[in-house]
Amino acid sequence: MKKVAVIFNGGTISMKVDERIQAAVPSLSGEEIMAMVTGIESYAKIESHTFSDLPSPHVTPELMLELSKKVRALVEREDIDGVVITHGTDTLEETAYLLDLTLITNKPVVITGAMRSSSELGYDGPANLAASICTAISEEAKGRGVLVCFNGELNSAREVTKANSMALNAFRTPNFGPIGIVDNNNVIFYRKCPKGKHIVIDKLNSHIALIKCVAGMDEEFINFAIDKGYKGIVIEAMGRGNIPPKMVEGVKRAINNNIPVVVVSRCFEGRVFESYGYEGGGKNLRDIGVIFGDNMQGQKVRIKLMVALSHSSNMKFIKEFVEDGLY
Ligand code: ASP
């Protein structure tokens with residue numbers, strides 16, 4: 001029988017409502033959660049680990065890298081066939097992508113959680129954990145990078161984002177939909193996800209700003225980021241990758257200061273492209289030396305830029321790494 005390491009790492013899946021404050025707080029141990037995944041012993045041997053009991057807004061990039069190192073040690077063990085990790089849902093996509101970029105393994109690594117705490121009717125933690133364990137033992141799930149499993153749907157860490165603040169199927173892949181499903185404990189994949197490069201890093205350079213464009217914006221926030229010593233800037237631009245003209249000088253200043261600027265769209269779907277030649281248009285930004293992040297969400301491409309910058313500050317390398325696996 002295959003063996004799966006389950007890392008308990010906080011989030012709503014480990015929470016219950018505290019009667020005094022009438023709000024959910026971390027309470028359940030890994031053993032208590034696992035006991036609710038009834039019948040799983042017929043599918044896999046489980047080895048439980050505890051990493052944290054944090055809600056995801058408390059998770060930092062540095063903790064994500066520590067978790068990546070823990071997972072690396074587990075997948076290097078011959079007796080472990082796959083790893084499942086619990087996580088709060090708010091920053092789950094960022095951790096999933098950092099793990100995906102920094103782990104080199106064929107073994108399935110699956111991240112899950114819950115949208116409802118154990119005090120709510122329809123607590124979804126045990127079902128998500130069961131489906132994740134089924135994925136971790138699946139031959140089909142090998143070599144697909146880190147997967148996110150919720151509500152019987154599998155999404156790739158590269159593509160997934162939390163698209164709904166309360167639905168059980170909160171995790172979605174914009175543009176394409178899930179890459180697979182867990183049906184009756186069987187894992188079925190419907191398509192591939194483009195693979196990018198992976199790098200093993202030991203330290204993280206996490207000082208990367210994310211700026212969302214709004215009408216009439218100027219260069220003030222970009223200048224603030226430069227002056228505060230940020231090492232990289234992600235801009236969630238408008239539409240196809242365009243910014244207001246008053247931001248352009250700031251972008252130029254950042255690039256002249258060797259600070260990489262990555263542009264994605266604030267639109268939920270679609271990709272950026274050098275369609276427009278006016279001041280601040282995508283073509284204008286490309287000519288200045290901006291990196292394009294294809295169809296990625298700002299918070300995800302920030303993680304990719306972070307990993308790139310943690311490996312090297314060479315602009316050519318950073319551009320190639322960030323654009324690798326994108327179109
Ligand atoms: N706010 C919670 C967290 O991200 C939500 C969840 O886990 O679903 O930790």
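Backbone N, Cα and C define each Cβ position, glycine as well.
When secondary structure is read from DSSP and collapsed to three states, Thr89 (active site) falls in the coil class. If you look up TrEMBL, you'll see Thr89 marked as active site.
Under the heading domain 'L-asparaginase N-terminal', TrEMBL lists 3-192.
Residues annotated as domain 'Asparaginase/glutaminase C-terminal' in TrEMBL: 207-320.
Residue density at Thr89 (active site): 23 other Cβ atoms are found within 10 A of its Cβ, drawing on all protein chains shown.
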